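> The annotation (6S)-5,6,7,8-tetrahydrofolate binding site is assigned in Swiss-Prot to 132, 136, 137, 138 on the grounds of sequence analysis. Feature annotation from Swiss-Prot assigns compositional bias 'Low complexity' to 1-18. The N6-(pyridoxal phosphate)lysine annotation in Swiss-Prot covers 241. What Swiss-Prot records for 1-22 is region 'Disordered'. Swiss-Prot lists 240 with the feature site 'Plays an important role in substrate specificity', giving sequence analysis as the kind of evidence.
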């Protein structure tokens with residue numbers, strides 16, 4: 001039998017043993033992921049590379065602290081330091097987006113969205129958002145998601161000719177459907193949305209306007225994308241896409257919704273907040289107020305436009321590759337492969353061979369199943385965070401265009417990717433297994 005003293009010593013040893021010694025299997029998997037991120041080009045539109053300071057905050061001792069409630073009104077003792085952190089995160093979020101209210105506790109975007117719907121509608125009420133098949137999100141009413149199970153759903157779609165939103169048709173549909181909540185925002189739509197028009201429609205039919213800006217929040221923070229905050233009753237977002245912060249969610253709103261939203265997050269959706277993630281959000285919101293952040297967002301936009309222009313070239317057109325809507329206003333390009341020899345899965349696999357990570361994505365009116373799809377969603381945020389400039393983005397765009405045009409020399413394209421990855425190193429100085 002182990003004596004109490006020996007047990008205590010053993011526990012102390014475990015608590016001070018580095019990850020590589022305590023769990024080499026997990027350490028090696030993390031090391032492998034870091035090597036993958038360093039040696040490939042990350043172009044999944046919902047991914048980014050966080051600053052090292054965000055890694056440090058999220059990997060801190062704050063993971064030990066339970067803090068149910070809100071600053072000054074906790075259900076646990078010892079919250080004096082996490083109160084400071086949450087206040088910083090809330091205040092900075094309000095400053096960045098010009099919002100009256102912020103809740104920074106949602107664990108993820110889906111939890112933020114669930115809390116928004118809980119605040120604005122009752123189960124069985126009607127909500128109206130962009131169809132998932134046309135670029136919306138699961139939480140905007142998809143039938144297998146909580147939003148599709150708890151609420152009656154009316155979905156609007158893009159125009160079949162232009163693949164853009166037709167606000168006149170959305171208005172007609174809203175008048176006919178009379179939703180309690182009108183939803184703007186998207187997960188795969190490459191153009192600006194008219195938030196003022198959405199608000200006008202919502203007011204006309206007596207609906208609340210909720211905008212999910214998860215994908216384009218970083219561009220909004222940098223004043224490079226129209227802000228939904230002045231128009232919407234409530235705005236939700238993730239923090240890890242264009243914002244480049246930790247994987248988590250956040251809610252912004254007019255002050256009149258503060259009490260309902262706070263209650264819907266806690267105790268409505270969650271128990272204790274993840275204070276290490278809240279700290280990482282605070283850091284991300286500080287970063288979002290800098291000139292360097294704005295420059296990064298500018299390069300994100302420029303990179304996406306360079307990519308769209310290259311994919312509109314004659315060789316890709318001849319191969320049946322089409323840029324949906326002809327271009328982009330945001331950080332991503334939607335590629336339609338319906339007329340090419342590739343489906344979405346094959347396109348994703350082909351670029352993976354080259355060393356570029358993207359995701360297959362359904363296009364509007366897609367004839368293929370969701371696990372195959374007829375499209376690709378390609379984003380530029382992570383590469384902008386890595387430091388790529390106009391010249392480098394032009395090279396990346398040409399690699400992608402050449403690959404999708406067909407009959408490319410995969411080894412030669414991979415060599416070009418390797419050079420770009422070497423020219424723009426990631427997390428220099430981090431040991432393979434060490435996170436901070």
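Cβ atoms here come from the backbone N, Cα and C positions, even for glycine.
Give me the local environment of each listed feature.
The Cβ of residue 138 ((6S)-5,6,7,8-tetrahydrofolate binding site) has 110, 132, 144, 145, 147 as same-chain neighbours under 8 Å, each 6 or more residues away in sequence.
Listed in sequence order, 45, 46, 47, 48, 214, 215, 217, 218, 331, 381 are the same-chain residues at least 6 apart in sequence whose CB falls under 8 Å from the CB of residue 241 (N6-(pyridoxal phosphate)lysine).
Residue 240 (site 'Plays an important role in substrate specificity') is surrounded by 26 other CB atoms, counting those within 10 A of its CB over all protein chains shown.
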> Enter the number of other CB atoms within 10 angstroms of the CB of residue 137 ((6S)-5,6,7,8-tetrahydrofolate binding site).
23
> From the centroid of the CB atoms of 132, 136, 137, 138, the recorded (6S)-5,6,7,8-tetrahydrofolate site, which same-chain residues not already listed sit within 8 A by their CB, in sequence order?
129, 130, 131, 139, 140, 141, 142, 145, 187
> Look up residue 240 (site 'Plays an important role in substrate specificity') in the DSSP assignment and reduce it to helix, strand or coil.
coil
